[in-house]
Each structure stands twice: as C-alpha cells, then as structure tokens.
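Visitor: Have a look at this one before I ask anything.
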C-alpha cells in the first residue's frame, strides 16, 4: 500500500527516512538553483532530466521501503549529468551528500558502500568528460571536487551507523511488543498445549521480524537430536541430526541452565542457508529438550530475548500445572483420592430426574472402624480407609460418583437407577467393604451400613443426604452390615416389627 509522502510517519525509523528524504529533496532544489544560473538550453534540459530521475528514484525508494541496485545506478548517472550541466562539477556535491544520507537508511551495509562508490564514480566521470561536453571551455577545476570526495565515505560510515542504531531500536521495540503481547495472550490460559502454541507463534513472529534468524526445537535421545519443529530460514531439515558436534555445548547449556554456543551439525548448517552461529537454550522442566537458535550472526540481546520468551512460556505452564493441582486438591479427598464432600454436594445439588431413572444417594458408614484405630493405630486406620475407598470406587460405574465425606463416611451418587438397582448396589458396597484388608500392621476387617435415598424432584440436596443418613442409621440399628432404603417399610421377622 502506497503511503503519503507529505505525512510524517509515527515510527522512528520511517520518520528518520522521511526526514532524510525531505532534506535530500530540499538540497536538490537548492543546488539546482545554483546549477541553472546562467545556463543554456541544453544545461537546463540536462538539469531538469537529472532532477526528475533523482526524484523518481527517491520516491520509489521511500514508498517501497527498500533500495534498488538499478535505481542506485540511475542515481549515479543522474548525478553525473547534473554535474556536467552545472557551472563546475563540485556543485553536484550538494546533491550527492544528501543522497548518501537518504540511501544509507535503507538496505544492507554493502549496498550503502556500493551506492557511495557509484556516486563518487559519477562525479569523477563528470570531471573526466567535462571537456568533451559542448559549452565547456577548458578543463574543470578538479580540486574542489576531489578535495571534498573523501567526505563521502565518512558520511556513509556515520549514516550507516545511525541506520543500524535505528534498526536495532526498532527491532528491540518489536521484540518487546511481542513479549508483551505473549504475556497478555497467556493471561487466563490453562491449557498447556495452547500455551506452547502461543509461545511458538511468538517465536515465529520474532523470526519474521529478525532477518536471518532460525529456531529449531530438538530432543536429545543420547544418540541423535530429534527435530520437533522449526521456523525461520530452515529448509528441508531431516528428522534427526548428528548430536556429536553439539554434544559439549548441549551439556554445558543443560548444566548451566543458560544458553550456550554450540557447534551445529552439518545438516543444520546446510538446511539453514549456511548459518554457522548457533546457541542452545535448554527448555525449562523438559530435560533433554533444547531450542537451537541460529543465524549468520547471533547478538546477545537476541539470545536473551528468546530465552525470556522460553521462560515466559515455561512460567505459564508451571502456573497452569499449579492451578490444576490446586483445582484437583479442592475437589479431591487428600487421603483416598476420591471426590470430597464439597464435590459430592455440588454433584448432588445438580442431579435431576433422568429419563432412564431417578438419581439415588447411597450413604456408607463403616462399622467398627474405631476398633481398628484403637487396635492397630491411626496410620493403619488411614491405610484401611484408602483400601476400602478404592474398593467402593471399583464397584461404582461411570458416570456415577463415589466420594469420601469425612472420617469413615462415604457416599455414592447414582445418576439413573430404580429402588431395586440402588439396593443391589448397596449390598455390593457392603460386600466389598466387609472383606478383610491386609494392612502393614496386620489384617483388619470392618463392616458397612448403607442407607439409600432417591433424589426427588424439587427436594434439596441437603434433605436427600439427610434421608440417606437416616436410612444408614436404620441399617446400623437393624444389626449393621446391611442396606436400608429410605421410605421403604421395615422388614418383618418372626411376627415382630423390626425398628427402622
């Protein structure tokens, strides 16, 4: 997209280019006024043509944001013509010096030197051709021109240094913006794969804005470097690389947990266009994994930036892992690994009638558990709770929920069942809980009393749990190690009514 040459850009580099371009145009105009003083027709025509050529070349450079070797040669020819049409060739120095400043803020260093050489050659050519051009009587004064020409390389050095500083400043701003954007993108992200993908996208962006930079993620299996992914100038990289040349550098990086220079395998150098400067950044929390950073030149600032990016992604992964652990701890009983009371209460509150049946709650209380604690100790009691909890969970089918409510109390939420199925499950729970358990301190055996209650439409979860609790106490009162269903008539034995 073409941009207006009359609007000053906001970006520092582009604003500097705009300023240098404006100065070059002003210098061209002012110098042209001196060049046409007392000029004849052909001199006026030559000045007009050379000025038009220079303006067209500079406008293209500014709008395209890049230099062109062909247009650089056109500039040299135009300056030569301008010098030949001037009263003396040295007048053209006013154009050459400002043109050098403008050209130096584009392209690479060698292009600036080539442009400087072409400009000087154009001026010297004008000096040599002076006598053969019509209207010139005698040789042109050479001293003013040749005495000032050595200034051109000095201007090129200073201008190129300024351009390099501006580019580094722009690059640093772009890098900082990338890291800031990554920080924002990672806020609230709790998926590890998504965090790594966002980090890799940031790495890809850095490679795009940093000419010549390449990155390769590898796993060191002890024999080869297994390539995981790559970005930048790397092309046709094999799946595995010879680790021998890089072994010492990788070991140093792993030991120091910091970037270290490595000798890159030949396959990597060939695939990256001959880039021989490589560093290995160990991936945090991933032993044997490295990010290889390479280019024709590696600046410490760039290596530090990539390390910051890697560390930022690693911190996000650690935060996610910590969050997930806390989340699991908040939902899980620490002793048995089953769902805790809070999780069970939330699931029970959310339970509603199902087309395949009604939800049921089975309240399980271990019989004579205190005797185990008293006889074998609390450590044995905890071991027993873990064993019984695992047995109860093994009986429960997905997606039903088994939880430890606290102490020796467990509960099961069955999402779809009838009274018969709930009672059958209760008897199975009694059976597995009552089986002997081999503990470190000896063999222990407990019973289980189970109370079952249906989750009725409109009933609160607290009332449902209370009904199951009361049914469990009815089972204990009836002799323990059995099941009672809330709301069912008590069993009759030998003509007597069994208390419920």
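Here the Cβ of each residue, glycine as well, is placed from N, Cα and C on the backbone.
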Visitor: TrEMBL tags one of 2-22, 23-43, 44-64 as transmembrane segment - which one?
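Guide: TrEMBL lists transmembrane segment for residues 44-64.
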Visitor: With the ranges 113-133, 176-196 to choose from, which does TrEMBL describe as transmembrane segment?
Guide: 113-133
Visitor: According to DSSP, how is the domain 'GGDEF' (357-488) divided among helix, strand and coil residues?
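Guide: Within the domain 'GGDEF' (357-488) the tally stands at 59 helix, 43 strand, 30 coil.
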Visitor: Under 8 Å between C-beta atoms and at least six residues away from its ends: which parts of the chain pack against the transmembrane segment (145-163)?
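Guide: Hits for the transmembrane segment (145-163): 16, 88-90, 93, 96-97, 100-101, 104-106, 109, 112-113, 115-116, 119-120, 123-124, 127.
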Visitor: Could you tell me the mean pLDDT over the domain 'GGDEF' (357-488), as a whole number?
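Guide: Across the residues of the domain 'GGDEF' (357-488) the model's pLDDT averages 91 on the 0 to 100 scale.
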